[in-house]
Amino acid sequence: FSSSYAALRKIEPFYRGGRVQVNRDGRFMFCPCGTKLSVIDVETGAQHSLQQDEEEDISSFVLSPDDEILVTGSRALLLKQWNWRESKCVRTWKAVHTAPVATMAFDSTSTLLATGGCDSTIKIWDMVKQYCTHNLKGSSGVVHLVEFHPDISLLQLFSSSMDYKIRIWDLKSSRCVAVLDGHFSAVTSLAFADGNTLLSSGRDKICMVWDLETRESKRTVPVYESVEAAVLLPDKGDFSQLGVKKQGLHFVTAGSKGILKVWEVSTAACVHAQPVPFELKEEASERSLTQCMLVPERNEIVTVSVEHNIVFYDAQTLQLRKQLAGYNDEVLDVKFLGPGDSHIVVATNSPQLKVFELATSHCQILYGHTETILALDVFRKGLMFVSCAKDKSLRVWRMSRGGRVACVAQGLGHAHGVGAVSCSRLKESFIVTSSQDCTIKIWSIPESLTSKAKAALLSSPETLHARVTERGHGKDINSVAVSPNDKLIATGSQDRTAKLWSCSDCSLLGVFTGHKRGIWCVQFSPVDQILATSSADGTLKLWGLQDFSCLKTFEGHDASVLKIIFVSRGAQLLSSGSDGLLKLWTIKTNECVKTLDGHEDKIWGLHSNKQDDMVVTASSDSCIMLWKDVTEIEEKEAQAKQEDQIIKEQELSNLLHEKRYLKALGLAISLDRPHTALMVVKAILRETDGRKLLEENIARLRKDQKEAVLTFVVTWNTNSRNCHEAQAVIATLLRHEAPHSLLQYAGIKPAVESLLPYSERHFQRLSRLLQASMFIDFMWQNMKLADVSQQEDM
């Protein structure tokens, strides 16, 4: 049995819009995500974040060219300087702007920082001497772009604001010395070819090349799309595959059409455009690019899309190297994928599927559905899977051995959105779907899809046809499952019932009634003739397939139970609720053995891997979590701890027997055993010169050991049987430690507060005892005197 799962990894949103930056060597990427700034390791996808104290969104940030200084600006009108490698804020100061900072830029020496604000001003900061050197006024509207001239000796700053003009500021005189007027919409990027040539791009569908000596436009290149970024190609390097045939300026544009294009300045011609796959041609608006960067160290071009996807291309061929998904929105389902469960496939609140490679976080985005995908299921081998969506269709996808996924079949036929899907378990022979139209459909999979040789010849997705259609319930069908032997189908519905169907002809075999609210999930046991159901009434039930009776009910969730799976080879159940909790149940004992809290919202996705030692969950909080079964590890740790404890106890016994009290006391303290330490103290006090021996041993303890003894004394002092030992130790500490050194002890204040009342009580009891003993002594003396006088009289 499993008794515990531990969170192995969390895939959470790291980018929600704004400018992205990559460091100089291309290893780390910086992405704003609400109130935090995410730092992503590009190779592994691992992330850590720079979290601000105040709950205000980051409005802009910049990393210096030498990778040392990172500055963020927030809506709280504060600027923060970070040591980003250690996630530490080293300095905070007021931005002096009266509205949030919209853009930032460092000069090439990393000593000057320019901030452009929503208040139409630009401030220049000396990062070494830490003060504001310039306040440049004259722009109109939000200043959304600032760039220093690469030649720092010129001390020039270029900016653009909402009047579509490019201003050149001379920092020696703090004046605007020129205005480059040519764009008719917002200027989106500035790039310097050399000291005298500037390239600007705009949303007016043109790029302009400027001569900075004459401050006139040299050439206007119409690019026929709203451009968000233009990047100049370096002079060195072979870019022949991108249509670069001769010397001269070439640049890459990224914009509303969602593809990269290469342009030659001398002819104003597009010499290369990325090809668009057929299924993406109608979806350009959703794929439009918001940013493009060149990383020379890695010879890469990085693009950022409207959908928060970040793609890394080879700069010389524009071949895709890696793709990261920055934001998942609400996650509706998740399944392990691949022969070794090396990937996960995720259905988010969108028409696209995302396939993540777990080792690298590389993400493939699968286009095909036209509306939100609602459910997924994977065939036994892990290479083929099915998705169903609100667009009334299902699609079958196949993963190649190289990890590429393509759509191989689609089926249409439902009258409403398809909400649940299940695959055949033994062979890749059929699919069962259920819909809001209250029907169940069984779809046969043609041989052309299952045989690899024929599947390789498919040029376009095959069309599937439903073999059987049956009206199953009176309300929406939320879940469907196929039995391990492929002979039975179970459905669960909003009408509070689950039903069992024959797989061959979809005839009804029986009805399971007993839940008080709609059923969210049905699941067959992998080992017994049992069906598990979970419901909005907060319970899980197990049903016998022979007589349709309820065998067990599991109560413990305070909210709807959305998903259930069998784990530990059918001996346990794992359930997920709309309260964001996972619960592990042992079927035999009917008890919940573990509750896992990792999500903050409804957990819609729950799936275990083939080895049955890992679970993946997906939630409405945009997070995907991988959980590992750590039962065996925890048992081994507990066993090792127990063995260590036994050895130490034996050692302690030997030390007491040998009267090596100092070592025995030190061992009792290290084991954190107040009772054992008390036994040692009692043994010392039983010696002929016990008090003196106790003082010697306690004086030789380290300060941290004395602190531990003091906390033990507080416990001993609460019991009148042990108060003499406690008081003996306190007396020793007070005699040998100066008051000022005692005050340095950790926890001295609560210790004294606890010792005082009990000590007073013990002394009061001793006083009463002394009085009583004196009275008895007095009586005894008087009795003796009376006895003596009587003898004398006689």
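Backbone N, Cα and C atoms are what each Cβ position is placed from, and that goes for glycine too.
Unlike curated records, TrEMBL annotations are generated automatically.
The following features are taken from TrEMBL:
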type   : residues : note
REPEAT : 94-127   : repeat 'WD'
REPEAT : 136-179  : repeat 'WD'
REPEAT : 180-220  : repeat 'WD'
REPEAT : 366-407  : repeat 'WD'
REPEAT : 411-453  : repeat 'WD'
REPEAT : 470-502  : repeat 'WD'
REPEAT : 512-553  : repeat 'WD'
REPEAT : 554-595  : repeat 'WD'
REPEAT : 596-628  : repeat 'WD'
DOMAIN : 649-783  : domain 'U3 small nucleolar RNA-associated protein 13 C-terminal'
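Across the repeat 'WD' (554-595), the model assigns an average pLDDT of 92. For the repeat 'WD' (366-407), the DSSP-based tally of helix, strand and coil residues reads 0 helix, 23 strand, 19 coil. Sorting the repeat 'WD' (411-453) by DSSP state (H, G, I as helix; E, B as strand; all else coil) yields 6 helix, 20 strand, 17 coil. Sequence-distant contacts of the repeat 'WD' (470-502), counting only residues of its own chain at least 6 positions beyond either end whose CB sits under 8 Å from a CB of the stretch, comprise 419-427, 429-430, 432-436, 438-442, 508-513, 515-524, 526, 531, 533, 535, 543, 545, 548.
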